[in-house]
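The coiled coil annotation in TrEMBL covers 265-298. The domain 'HAMP' annotation in TrEMBL covers 220-273. Under the heading transmembrane segment, TrEMBL lists 194-218.
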Amino acid sequence: MRSGTFSLSVAHKIGATMALLIAVAVVSSLVAYNATQRVGENGIELGEAEAPLADAAMEIKLTATHAHLLFEEIMSGDQGESIDEVWRLIGEARFYARAILQGGSNDEGTFIATSDPAVREIVQDVETKIDLFEQAARERHAGLASGVAGAAGSKADEIFDETFESFIARADEAEELIHGSMESSLESLRAEAAWARTVSLGGVGAMILVFLAGTVYVHRAVAVRLRDLDKLARAYAEGDTDAPVPTWRSGDELGRLAEALARFREGVIRQRQLAEEAAEQEQRRAGEQRELERRTAQSFHETTRTFFDALEGAAGDLISAVDTLERMSARSGELSIRWSG
C-alpha cells in the first residue's frame, strides 16, 4: 500500500520540502528575534532605568557633600558664598531622592522610579535625613549671629554633622544596592545574550539539517527515480527488454511513468512473442508447402512415368506390328511375283 507522502505529486513533494525549510527558517528567525528583542529590551531597561538611578544616588552624595562644605565655609565667615546656594544644593539632593522613589527628569536626564523594596526603604530614610540635615543647617545658620549656637563643636554642629554622615551612609547603601541590581541585571542580560546566540546558532543548524534532509528526500524520491526511469527508457528504446523494472512504487507522476514503462515492456515482449509465433507458423506453413509441392511433384512424376511406360510399351507393340506387316507385305509381294511369273 502506498504511503500518503509518496502519493504526492513531484511538484507537491518539492513544494512540501521547500515549505518545511521555510517554516523552520521562519520559526528559527522568530525565536531568534524574540530572544534578541528581549536582550535589547533588558539592555534598554538597564540603560534607561537602573543606570540613571545609580547616578541619582551618587548625585545625592555629591550635592549634599557640596552643600555641607559650602555651608561650613559660610559658617566659618566666608562672605563670598551664598546660603541660598546651600539650600539649592540640599533641594537638588532631595530631588534626586524623590526621583529614585517617584521618577522625574532634569537636565541630567530622565529617572524611572525604582521598584526594589530595599532601595525604596533606604531612599525614604535618606529623604527623611535630608530634611533633618536641612533643618539642622537652618538652625545653625539662624544662630550664626549669636556666635554660640552654630559654632564648631556646639550641639547644633554635632547634630548637623551626625545627620550629614548618617544620610550619606544611607545614600551609599542605596547606591550599592542599585549597583548590585545593575550587576544582577547585567548578568541576566549576558545570559539572555548567550541564549540568543544559542537560539540563532540552533536555528541555523536546524535549517541546515532540514535542508540536508530535504535534499536527501528529494534525491531519493525524485532524482534517483528519474535516473532509473531514464535508464529504463533508454534500454527499452534500444530493444533491451531484459532491463529490470524498478522495485519502488509511488503514486506520483514517476510511479505512473514506471507503470507505463512496465506496460510498454510487457507489450514489446508480447509483440515479440507474437512475432516469433507468427514466424514459427510461417516457417511451418512454408515447410508444409514445400512438403506438399514435393509430394505433388512425386505423384506427378509417378503418374507420368506410368503413362510413359505404358506409352512406351504401346509404341513397341505398334512398331512390332508394323514390322510384322512389312514382312507380311514383302512376302506377299514375293508370292505375287512368283505366281505371276
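Positions of Cβ are set from backbone N, Cα and C atoms, glycine also.
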Checklist entry - Using DSSP, what's the helix, strand and coil tally for the domain 'HAMP' (220-273)? => result 39 helix, 0 strand, 15 coil
Next on the checklist: On average, what pLDDT score does this prediction assign to the coiled coil (265-298)?
Outcome noted: 79
